[in-house]
Amino acid sequence: MTEQADRVWDLPTRAFHWLLVALVALQYASGEFGFPSMRWHYLGGYATLALVLFRVLWGFFGSQTSRFGDFVRGPRAVLAYLAGLGRAEAPRRAGHNPLGGWSVVAMLASIAVQATTGLFASDDISEEGPLVARVSAATVDLMTRVHAWNRYVLLALVVVHLGAIAAYALRGTNLVAPMWSGRARDVDARALRFATPWLALMLAVLAAAVVWALVAWGEAG
């Protein structure tokens, strides 16, 4: 196994990851405790939705290890990975493993549901999402209930994610450092393809513009 730290994660993917960590923490604090305020909850929700939309786009057009086609594998690959967990390790595959890939999909899906339903949610008192006036009362009620219950799904996924990080750390694999530095040791030596940061910037602007337009349309109603 090589001692060289190879580049694995691009800057856009790493920035997405840590911004999402901060936004999820903000959303939990502002939604559950009103800290710092519900206004921050709204703004954080819009930012989260734009961030997830960017990640979906980056999953199709971004760097190799960030693409869904690189890490979303079938059941057979997941089972083979699980069966090999107890064996002596060969150099690890750069990027997400087959199980981690599905964890990413589940997390993105849950966060997307939470951010999207928040646009239509209402507490029937003083707080409501910007798209409430654009849909029926029945839809608002459904979205509000999904928004309330999905937070438990998201919290469970966060706990599983942190548990997996801890489990790998106990086995001597640090998953946090590579997501910070972009480099990892003892990974396979395949030549990875990295997209230009300018593409990431354009996709980020596009995602932000879509969310801004959606919110503006809702508030105009």
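Cβ coordinates come from backbone N, Cα and C, glycine included.
Transmembrane segment is the annotation TrEMBL gives to one range among 76-98, 99-121, and that range is 99-121.
Counting residues 6+ beyond its ends, the transmembrane segment (152-170) has Cβ neighbours under 8 Å at 24, 28, 100, 103, 106-107, 110-111, 114, 176 in the same chain.
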